[in-house]
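Okay, structure first, notes after.
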Amino acid sequence: LLTDRRDCDGPYGGRRSFRYVGPRHCTDVLCCVIFIVVILGYIALGIVAWVHGDPRKVAYPTDSYGQFCGQKDTPNENKTILFYFNILKCASPIVLINLQCPTTQLCVSKCPDRFATFIDMQASYRYNKSYWDYYSQFCKPGFNKPWKSVAQVIRDEDCPSMIIPTRPFLKRCFPDFSTKNGVLTVANQTTFKDGKGKTRNVTDLREAANGINNVLDSRSVGMKIFEDYASSWYWILIALFIAMVVSLLFLVLLRFTAGVLFWIFIFGVIGIIGYGIWHCYWEFHRLHGIPGSDLTIYDIGFQTDFRVYLQLRQTLLAFMIILCIVEVIIILMLIFLRNRILIAIALLKEGSRAIGYIMSTLFYPIITFILIAVCISYWAVTAVFLATSGEPVYKVMANQTLCKYANLTCYPETFNTTNVTKLCPGAQCTFAFYGGESLYHRYIFIFQLCNVFVFLWLVNFAIALGQCTLAGAFASYYWAFRKPADIPPCPLFSSFGRAIRYHTGSLAFGSLILAIVQLIRVILEYLDHKVKGSQNAFARFLLCCLKCCFWCLEKFIKFINRNAYIMIAIYGKNFCTSAKEAFFLLMRNVVRVAVLDKVTDFLLFLGKILVAGGVGVLAFFFFTHRIPVFTQEAPFLNYYWVPLLTVIIGSYLVAHGFFSVYAMCVDTLFLCFCEDLERNDGSTGKPYYMSASLHRILGKKELSPKKLMG
């Protein structure tokens, strides 16, 4: 807890400071134990997933027998590419990549480079067996009956009925499409034989061709973007360093410019609205006597050209009245809230001063970033291993849509002994996906949900730890009676130690509540995706309402948690007590909260725009060779917007990282300020700990000489 402990040599003598009474006690111990157990269980889940999972199932293509193409120490070791027997059954490249194409898939060492059909091969086999030697590469392993009837080969899918020139892409054989004089061709041909006695046009593959060409174009663009990054990464880092310096300078200078920026903005808004009122009045007066200007909006009805409404005096009169009302509201707010606005500006300046004394806080977001990056990496790796945890599952693939055995699970070892092939001619037992029937495999979906939930919990805990640590550091600044003399040494490190040692349970408790709400939102998004094409309007409406409600609930919980962590850092109480005290303290100062929040949001948003925009403009002139001094140093790029967008987005994120510390500082100082007003009265026995500027704004009696010196 915090208490007022003084060692005085007189009314103003000695060292006055708000000190932490020790030792603190651990808070929310039960939640801390649960949190540790969950982390251990999460580690165990990751280990189990790593034992059963195999990411190669995602990275490498799999044939119809569930074997990896190119896997070492297997018959497919030198067969690294996946070939599709009937590419016409695959409507789009996405189907191919997802291995859902309803045709036999085979691992081959190279893709076909010519047109051929099984019928033509049989005709040529009689006098030249080399045709079969080439064609057999694309038949099932072990099949060596080139004289087998074409109908039986197609029925049993021993060989493809036809092959077309293809090229490997994403380790799969894709048709070798090209355009000649605006005509789609495959190997300079516009038609091909399908092996069933028909001549087909390559436009039958147009849908696949369009998708593949888009993917290939994307790959080309991706290579150029990679080249641009390779030649400009050094300058991007320099630009981000400049953004960091500018953000730091902006925060330091806020103690001098916060009031000026805010009042310039306010009077600018008042002036713009005033001009709008004058302009509406002038247009209203100008339209007097003009035919048609006295019509009402009701008379002309709805018009797609909104300029028509601007020719009506009624529209201009309505605009003028609305602007006058807004102008009066703003002016009245400035009159009645002037003291609270001055307090908000003073707190902003005080926050800048506090950061100047505790500069290490500006770099704490790096720790939060590292913790979140570790959580994301662990979650992603575990999710991949869970998704690939399973044995090959085979399904009956039938050519006839009326086959009752279609899509049923089958076993390749015993499939030929069943009567499925008799009832459904041409049916095959082919690999479908990875799964299993064991207890572990049946609950993989539950494990994935647990993976997501613990991930959200850990990320929220990392953010909560950062907020509590920063709050403790800035609270030590506020409650130092003489600033900076009474600020304890290493305030950031000390606050971090207290948060970890005593308040892990409280931080985990607040993070748990937020993680539950976020998990519900994830589930609602999943359900909304499922029913998006549904005709049930009530279900869609209900989901929309639930999504809106839980979004609002998440925002509210984040607000409560943030202030609860500040109270935990100051007083060391448990989460529920801190949340309750923070909530009621804010409610007793609700107007100040609203004013401070809006003033802070405006200044920080302005700062982010200035940093990102300023550095972005500088980067634009640099990468487009418009700065004469650096014309030779600037790299030549394929797309100058690649490093430019990276610099702008990166600068915004850098500024956001710095300003998030500043926002936490202002929020902490505000709560401390409210507590200071309620606990103390400015007397000798209970002096205020606020700065001299805040004290003057409140109109209280002058502070002690030593306080003014601080």
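Just so you know, glycine gets a Cβ as well, placed from its N, Cα and C.
According to TrEMBL, the protein has these features:
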TRANSMEM  29-51  transmembrane segment
TRANSMEM  233-253  transmembrane segment
TRANSMEM  260-278  transmembrane segment
TRANSMEM  316-337  transmembrane segment
TRANSMEM  357-381  transmembrane segment
TRANSMEM  454-481  transmembrane segment
TRANSMEM  502-524  transmembrane segment
TRANSMEM  536-553  transmembrane segment
TRANSMEM  602-624  transmembrane segment
TRANSMEM  636-664  transmembrane segment
Best-contacting stretch, by C-beta pairs under 8 Å, relative to the transmembrane segment (502-524) and drawn from 316-337, 357-381, 454-481, 602-624: 454-481
Intrachain residues whose Cβ lies under 8 Å of the transmembrane segment (602-624), provided they are six or more past its termini: 232, 235, 239, 242-243, 246-247, 250-251, 254, 258, 261-262, 265, 348, 630, 634-635, 637, 640, 643-644, 647-649, 651-652, 654-656, 659, 662-663
Distant-in-sequence neighbours of the transmembrane segment (536-553), which means Cβ under 8 A and at least six residues beyond its ends: 517, 520-521, 524-525, 527-528
For the transmembrane segment (636-664), sequence-distant contacts whose Cβ falls under 8 Å of one of its Cβ atoms, 6 or more beyond its ends: 224-225, 227-229, 231-232, 235-236, 239-240, 243-244, 246-248, 250-251, 254, 351-352, 355, 361-362, 364-365, 369, 467, 470-471, 474, 562, 600, 604, 607-608, 611-613, 615-616, 619-620, 623-624
Among the ranges 29-51, 233-253, 316-337, 454-481, the one whose Cβ pairs under 8 Å to the transmembrane segment (357-381) are most numerous: 454-481
Most Cβ pairs under 8 Å with the transmembrane segment (454-481), selected from 29-51, 233-253, 316-337: 29-51
Intrachain neighbours beyond the transmembrane segment (316-337), with Cβ under 8 angstroms and 6 or more residues off its ends: 266, 269-270, 273-274, 276-277, 280-281, 283-284, 287, 310, 591, 595
